[in-house]
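Novice: Submitted below is the structure of interest, expressed as C-alpha coordinates.
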Amino acid sequence: MLRRSAPAIGLFFLAPLVAEFLLGNLPITFLPAVVALAPLYGGGALLIREVTRRLGLGWPNILILALAYAVLEEGLTTQSLFNPDYADAHLLVDGYLPALGIAVPWTLYVLGLHTFWSVSASILMMEAVAGERRTTPWLGRTGLIVTGVLFALGIAISTAITMQQWPYTATAGQFTATAIILALLIAAGLLIKIKIKPRQGTAPSALTVLIATLVAGAVFQGLTVVSLPTWIGTAVWVLDVVVFLTLVALWSGREGWTDLHYLAIGAGALLTYAWHSFVETPTGGAALAIDLTGNALFTAAALTLIWFAHRRLTAPTPLKV
(Lines of atoms letter the chains of each structure in order from A and count residues from 1; the text may use other names and numbers.)
(Lines give C-alpha, C1' and ligand atoms only; values in the text may rest on other atoms or scores of the structure.)
Protein backbone atom coordinates (compact mmCIF):
# COMPACT_ATOMS: atom_id res chain seq x y z
CA MET A 1 0.00 0.00 0.00
CA LEU A 2 2.82 2.40 0.89
CA ARG A 3 4.50 1.72 -2.45
CA ARG A 4 1.27 2.46 -4.29
CA SER A 5 0.77 5.77 -2.50
CA ALA A 6 4.45 6.82 -2.52
CA PRO A 7 4.09 9.17 -5.53
CA ALA A 8 1.05 10.77 -3.90
CA ILE A 9 2.93 11.36 -0.66
CA GLY A 10 5.85 12.70 -2.66
CA LEU A 11 3.63 15.19 -4.49
CA PHE A 12 1.95 16.22 -1.24
CA PHE A 13 5.27 17.43 0.15
CA LEU A 14 7.01 18.40 -3.09
CA ALA A 15 4.43 21.08 -3.96
CA PRO A 16 5.06 23.28 -0.88
CA LEU A 17 8.81 22.74 -1.12
CA VAL A 18 8.78 23.99 -4.71
CA ALA A 19 6.26 26.77 -4.09
CA GLU A 20 7.98 28.39 -1.12
CA PHE A 21 11.49 27.02 -0.57
CA LEU A 22 12.93 26.32 -4.01
CA LEU A 23 11.55 29.70 -5.12
CA GLY A 24 13.51 31.32 -2.30
CA ASN A 25 10.48 32.89 -0.66
CA LEU A 26 11.11 31.07 2.62
CA PRO A 27 14.58 30.33 4.06
CA ILE A 28 15.64 26.87 5.16
CA THR A 29 15.13 27.88 8.80
CA PHE A 30 11.39 27.81 8.06
CA LEU A 31 11.50 24.21 6.82
CA PRO A 32 9.28 22.87 9.65
CA ALA A 33 6.51 25.08 8.23
CA VAL A 34 6.18 22.61 5.35
CA VAL A 35 3.89 20.59 7.62
CA ALA A 36 1.43 23.50 7.73
CA LEU A 37 1.90 24.37 4.05
CA ALA A 38 1.49 20.85 2.66
CA PRO A 39 -2.29 20.53 3.15
CA LEU A 40 -2.88 23.62 0.99
CA TYR A 41 -0.20 23.27 -1.69
CA GLY A 42 0.19 19.52 -1.64
CA GLY A 43 -3.47 18.80 -1.07
CA GLY A 44 -4.45 21.07 -3.94
CA ALA A 45 -1.89 19.68 -6.39
CA LEU A 46 -2.67 16.08 -5.47
CA LEU A 47 -6.42 16.61 -5.69
CA ILE A 48 -6.07 18.18 -9.15
CA ARG A 49 -3.81 15.38 -10.33
CA GLU A 50 -5.97 12.55 -9.02
CA VAL A 51 -9.28 13.92 -10.27
CA THR A 52 -8.00 14.67 -13.77
CA ARG A 53 -6.33 11.29 -14.14
CA ARG A 54 -9.42 9.46 -12.88
CA LEU A 55 -11.51 11.30 -15.48
CA GLY A 56 -9.03 10.54 -18.25
CA LEU A 57 -8.15 14.21 -18.70
CA GLY A 58 -4.79 15.57 -19.80
CA TRP A 59 -2.50 18.52 -19.33
CA PRO A 60 -4.74 21.27 -20.75
CA ASN A 61 -7.28 20.41 -18.04
CA ILE A 62 -4.60 20.22 -15.35
CA LEU A 63 -3.43 23.71 -16.30
CA ILE A 64 -6.97 25.10 -16.10
CA LEU A 65 -7.48 23.56 -12.67
CA ALA A 66 -4.04 24.78 -11.58
CA LEU A 67 -5.17 28.30 -12.51
CA ALA A 68 -8.35 27.70 -10.48
CA TYR A 69 -6.16 26.76 -7.52
CA ALA A 70 -4.19 29.98 -7.96
CA VAL A 71 -7.39 32.06 -8.01
CA LEU A 72 -8.63 30.27 -4.88
CA GLU A 73 -5.43 30.81 -2.91
CA GLU A 74 -4.66 34.39 -3.90
CA GLY A 75 -8.22 35.65 -4.37
CA LEU A 76 -10.09 34.02 -1.49
CA THR A 77 -7.58 32.52 0.94
CA THR A 78 -4.76 35.05 1.24
CA GLN A 79 -6.60 37.81 -0.67
CA SER A 80 -3.22 39.04 -1.91
CA LEU A 81 -4.87 40.10 -5.19
CA PHE A 82 -6.79 42.79 -3.28
CA ASN A 83 -4.90 43.50 -0.04
CA PRO A 84 -2.55 46.50 -0.56
CA ASP A 85 -0.62 45.62 2.61
CA TYR A 86 -0.27 41.86 2.07
CA ALA A 87 3.12 40.64 3.31
CA ASP A 88 4.03 44.32 3.84
CA ALA A 89 5.30 44.21 0.25
CA HIS A 90 3.18 46.92 -1.44
CA LEU A 91 2.24 44.50 -4.21
CA LEU A 92 -0.54 46.63 -5.67
CA VAL A 93 1.43 49.82 -6.36
CA ASP A 94 2.36 49.17 -10.00
CA GLY A 95 -0.39 48.74 -12.58
CA TYR A 96 -3.22 49.25 -10.12
CA LEU A 97 -6.75 49.30 -11.53
CA PRO A 98 -9.05 51.10 -9.06
CA ALA A 99 -12.21 49.77 -10.71
CA LEU A 100 -11.17 46.17 -9.98
CA GLY A 101 -9.05 46.73 -6.91
CA ILE A 102 -6.16 44.69 -8.33
CA ALA A 103 -2.73 45.34 -9.79
CA VAL A 104 -2.39 43.64 -13.17
CA PRO A 105 1.35 42.80 -12.89
CA TRP A 106 1.00 41.18 -9.46
CA THR A 107 -2.15 39.31 -10.49
CA LEU A 108 -0.49 37.85 -13.60
CA TYR A 109 2.71 37.04 -11.76
CA VAL A 110 1.29 35.29 -8.71
CA LEU A 111 -1.33 33.37 -10.68
CA GLY A 112 1.45 32.25 -13.01
CA LEU A 113 3.59 31.11 -10.08
CA HIS A 114 0.92 28.77 -8.77
CA THR A 115 -0.32 27.60 -12.16
CA PHE A 116 3.04 26.70 -13.67
CA TRP A 117 5.21 25.98 -10.65
CA SER A 118 3.33 25.23 -7.40
CA VAL A 119 0.94 22.82 -9.12
CA SER A 120 2.01 21.89 -12.65
CA ALA A 121 5.78 21.56 -12.20
CA SER A 122 5.29 19.50 -9.05
CA ILE A 123 2.88 17.16 -10.83
CA LEU A 124 5.20 16.86 -13.84
CA MET A 125 8.13 15.83 -11.67
CA MET A 126 6.27 13.29 -9.56
CA GLU A 127 4.61 11.75 -12.60
CA ALA A 128 8.05 11.34 -14.16
CA VAL A 129 9.24 9.61 -11.00
CA ALA A 130 6.14 7.40 -11.08
CA GLY A 131 7.25 5.98 -14.44
CA GLU A 132 4.69 3.55 -15.84
CA ARG A 133 2.12 4.86 -13.35
CA ARG A 134 2.43 8.38 -14.72
CA THR A 135 -1.20 8.70 -15.82
CA THR A 136 -2.91 6.23 -13.50
CA PRO A 137 -4.55 7.08 -10.13
CA TRP A 138 -2.29 6.86 -7.11
CA LEU A 139 -5.02 6.95 -4.48
CA GLY A 140 -8.12 4.94 -3.74
CA ARG A 141 -11.46 6.48 -2.81
CA THR A 142 -10.49 6.82 0.85
CA GLY A 143 -7.21 8.49 -0.05
CA LEU A 144 -9.02 10.92 -2.31
CA ILE A 145 -11.45 11.85 0.48
CA VAL A 146 -8.59 12.31 2.95
CA THR A 147 -6.81 14.54 0.42
CA GLY A 148 -9.92 16.66 0.04
CA VAL A 149 -10.26 17.03 3.80
CA LEU A 150 -6.59 17.98 4.13
CA PHE A 151 -6.97 20.53 1.35
CA ALA A 152 -9.94 22.11 3.11
CA LEU A 153 -7.90 22.16 6.31
CA GLY A 154 -5.05 23.82 4.43
CA ILE A 155 -7.37 26.53 3.16
CA ALA A 156 -8.57 27.17 6.72
CA ILE A 157 -5.02 27.27 8.10
CA SER A 158 -3.79 29.62 5.38
CA THR A 159 -6.77 31.93 5.83
CA ALA A 160 -6.36 32.03 9.61
CA ILE A 161 -2.63 32.78 9.43
CA THR A 162 -3.15 35.46 6.80
CA MET A 163 -5.94 37.16 8.74
CA GLN A 164 -3.80 37.16 11.87
CA GLN A 165 -0.72 38.64 10.21
CA TRP A 166 -2.28 40.93 7.58
CA PRO A 167 -5.97 41.36 8.44
CA TYR A 168 -8.00 42.43 5.44
CA THR A 169 -11.40 41.71 3.95
CA ALA A 170 -12.08 42.17 0.26
CA THR A 171 -15.31 43.76 -0.90
CA ALA A 172 -18.42 41.71 -1.55
CA GLY A 173 -18.04 42.44 -5.25
CA GLN A 174 -14.45 41.17 -5.28
CA PHE A 175 -15.41 37.99 -3.43
CA THR A 176 -18.35 37.40 -5.76
CA ALA A 177 -16.35 37.98 -8.94
CA THR A 178 -13.55 35.73 -7.68
CA ALA A 179 -16.00 32.97 -6.76
CA ILE A 180 -17.64 33.14 -10.20
CA ILE A 181 -14.28 32.98 -11.99
CA LEU A 182 -13.24 30.09 -9.75
CA ALA A 183 -16.45 28.17 -10.47
CA LEU A 184 -16.10 28.70 -14.22
CA LEU A 185 -12.49 27.50 -14.20
CA ILE A 186 -13.34 24.39 -12.20
CA ALA A 187 -16.27 23.61 -14.49
CA ALA A 188 -14.12 24.08 -17.60
CA GLY A 189 -11.31 21.99 -16.15
CA LEU A 190 -13.57 19.09 -15.24
CA LEU A 191 -16.26 19.13 -17.91
CA ILE A 192 -14.48 20.14 -21.12
CA LYS A 193 -12.13 17.42 -22.30
CA ILE A 194 -9.34 19.19 -24.16
CA LYS A 195 -7.11 17.00 -26.30
CA ILE A 196 -3.78 17.84 -27.86
CA LYS A 197 -4.33 17.92 -31.61
CA PRO A 198 -2.07 15.57 -33.62
CA ARG A 199 0.23 17.54 -35.91
CA GLN A 200 2.59 16.77 -38.74
CA GLY A 201 6.30 16.67 -38.16
CA THR A 202 8.63 15.34 -35.51
CA ALA A 203 8.85 16.70 -32.00
CA PRO A 204 12.07 18.52 -31.11
CA SER A 205 14.52 16.88 -28.76
CA ALA A 206 13.90 16.92 -25.03
CA LEU A 207 16.98 19.13 -24.70
CA THR A 208 15.37 21.71 -26.99
CA VAL A 209 12.23 21.65 -24.84
CA LEU A 210 14.37 22.07 -21.71
CA ILE A 211 16.12 25.09 -23.21
CA ALA A 212 12.81 26.62 -24.31
CA THR A 213 11.44 26.16 -20.79
CA LEU A 214 14.52 27.76 -19.25
CA VAL A 215 14.24 30.73 -21.60
CA ALA A 216 10.53 31.18 -20.91
CA GLY A 217 11.15 30.84 -17.18
CA ALA A 218 14.01 33.33 -17.31
CA VAL A 219 11.79 35.89 -19.02
CA PHE A 220 8.91 35.28 -16.59
CA GLN A 221 11.06 35.53 -13.46
CA GLY A 222 13.57 37.99 -14.91
CA LEU A 223 10.90 40.66 -15.21
CA THR A 224 10.79 40.77 -11.39
CA VAL A 225 14.45 41.79 -11.14
CA VAL A 226 14.71 44.27 -14.04
CA SER A 227 13.12 47.68 -14.31
CA LEU A 228 10.69 48.11 -17.20
CA PRO A 229 7.68 50.39 -17.62
CA THR A 230 4.74 48.60 -15.99
CA TRP A 231 2.65 47.99 -19.07
CA ILE A 232 5.61 46.98 -21.23
CA GLY A 233 6.61 44.41 -18.63
CA THR A 234 3.02 43.19 -18.43
CA ALA A 235 2.84 42.78 -22.20
CA VAL A 236 6.11 40.82 -22.21
CA TRP A 237 4.78 38.55 -19.45
CA VAL A 238 1.65 37.76 -21.43
CA LEU A 239 3.59 37.25 -24.66
CA ASP A 240 6.08 34.97 -22.91
CA VAL A 241 3.35 32.69 -21.56
CA VAL A 242 1.38 32.64 -24.82
CA VAL A 243 4.42 31.82 -26.95
CA PHE A 244 5.62 29.06 -24.62
CA LEU A 245 2.22 27.39 -24.29
CA THR A 246 1.70 27.61 -28.05
CA LEU A 247 5.05 25.95 -28.71
CA VAL A 248 4.31 23.17 -26.24
CA ALA A 249 0.85 22.62 -27.75
CA LEU A 250 2.37 22.38 -31.24
CA TRP A 251 5.32 20.21 -30.26
CA SER A 252 3.41 17.79 -28.01
CA GLY A 253 1.08 16.86 -30.86
CA ARG A 254 3.94 15.71 -33.05
CA GLU A 255 5.35 12.24 -33.44
CA GLY A 256 8.15 11.44 -31.04
CA TRP A 257 6.86 13.43 -28.07
CA THR A 258 7.62 11.31 -24.99
CA ASP A 259 7.63 11.37 -21.22
CA LEU A 260 11.17 12.77 -21.41
CA HIS A 261 9.75 15.91 -22.99
CA TYR A 262 7.37 16.35 -20.07
CA LEU A 263 10.30 15.84 -17.71
CA ALA A 264 12.22 18.51 -19.62
CA ILE A 265 9.44 21.02 -18.91
CA GLY A 266 9.33 20.08 -15.23
CA ALA A 267 13.12 20.21 -14.95
CA GLY A 268 13.26 23.60 -16.63
CA ALA A 269 10.65 24.94 -14.23
CA LEU A 270 12.55 23.66 -11.18
CA LEU A 271 15.88 25.02 -12.42
CA THR A 272 14.27 28.41 -13.03
CA TYR A 273 13.13 28.55 -9.41
CA ALA A 274 16.56 27.36 -8.31
CA TRP A 275 18.43 30.32 -9.83
CA HIS A 276 15.69 32.71 -8.79
CA SER A 277 16.15 31.72 -5.14
CA PHE A 278 19.58 33.37 -5.14
CA VAL A 279 18.15 36.78 -6.11
CA GLU A 280 15.00 36.54 -4.00
CA THR A 281 14.84 38.22 -0.59
CA PRO A 282 13.21 35.66 1.69
CA THR A 283 10.57 36.26 4.32
CA GLY A 284 11.83 35.89 7.86
CA GLY A 285 15.10 37.78 7.74
CA ALA A 286 17.52 34.82 7.76
CA ALA A 287 21.23 35.62 7.76
CA LEU A 288 22.70 35.82 4.26
CA ALA A 289 24.99 32.82 4.77
CA ILE A 290 22.09 30.69 6.00
CA ASP A 291 19.88 31.82 3.15
CA LEU A 292 22.49 31.04 0.50
CA THR A 293 23.26 27.68 2.08
CA GLY A 294 19.58 26.81 2.05
CA ASN A 295 19.25 27.87 -1.58
CA ALA A 296 22.21 25.67 -2.50
CA LEU A 297 20.74 22.68 -0.65
CA PHE A 298 17.32 23.06 -2.28
CA THR A 299 18.98 23.44 -5.68
CA ALA A 300 20.96 20.26 -5.07
CA ALA A 301 17.76 18.49 -4.06
CA ALA A 302 16.05 19.67 -7.26
CA LEU A 303 18.96 18.43 -9.37
CA THR A 304 18.83 15.07 -7.58
CA LEU A 305 15.11 14.77 -8.24
CA ILE A 306 15.61 15.59 -11.92
CA TRP A 307 18.38 13.00 -12.16
CA PHE A 308 16.27 10.34 -10.46
CA ALA A 309 13.26 11.07 -12.65
CA HIS A 310 15.42 10.82 -15.78
CA ARG A 311 16.84 7.53 -14.53
CA ARG A 312 13.32 6.24 -13.91
CA LEU A 313 12.25 7.07 -17.46
CA THR A 314 15.35 5.73 -19.19
CA ALA A 315 16.12 2.61 -17.15
CA PRO A 316 15.94 -0.61 -19.26
CA THR A 317 13.97 -2.27 -16.45
CA PRO A 318 11.40 -0.09 -14.63
CA LEU A 319 12.64 0.90 -11.17
CA LYS A 320 10.26 0.25 -8.32
CA VAL A 321 8.93 3.22 -6.32
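Note that Cβ sites are derived from N, Cα and C of the backbone, with glycine treated the same way.
Remember, it's a predicted structure, so these values are computed and weren't measured experimentally.
Sharing the features that TrEMBL gives for it:
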type     : residues : note
TRANSMEM : 29-48    : transmembrane segment
TRANSMEM : 55-72    : transmembrane segment
TRANSMEM : 106-126  : transmembrane segment
TRANSMEM : 138-163  : transmembrane segment
TRANSMEM : 175-194  : transmembrane segment
TRANSMEM : 206-228  : transmembrane segment
TRANSMEM : 234-253  : transmembrane segment
TRANSMEM : 260-279  : transmembrane segment
TRANSMEM : 285-309  : transmembrane segment
Novice: Report, as numbers and ranges, every residue of the chain located at least six residues beyond the transmembrane segment (55-72) whose Cβ falls under 8 Å of a Cβ in that stretch; write 'none' if there are none.
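Specialist: The answer is 44-45, 48-49, 110-116, 118-120, 123, 155, 178, 181-182, 185-186, 188-190, 192-196, 252.
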Novice: Please report, as numbers and ranges, the same-chain residues at least 6 past the borders of the transmembrane segment (206-228) whose CB is under 8 Å from any CB of it.
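Specialist: Contacts of the transmembrane segment (206-228) (Cβ under 8 Å, skipping residues fewer than 6 from its ends): 109, 112, 116, 236-237, 240-241, 243-244, 247-248, 251, 258, 260-261, 263-265, 267-269, 271-273, 276, 279.
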Novice: So which of 29-48, 260-279, 285-309 is most in touch with the transmembrane segment (234-253), counting Cβ pairs under 8 Å?
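Specialist: Answer is 260-279, with the largest number of Cβ pairs below 8 Å.
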Novice: So which residues does the transmembrane segment (285-309) touch in its own chain, when a touch means Cβ under 8 Å and the partner is 6 or more beyond its ends?
Specialist: 14, 17, 21-22, 24, 27-29, 125, 128-129, 263, 266-267, 270-271, 273-274, 277-278
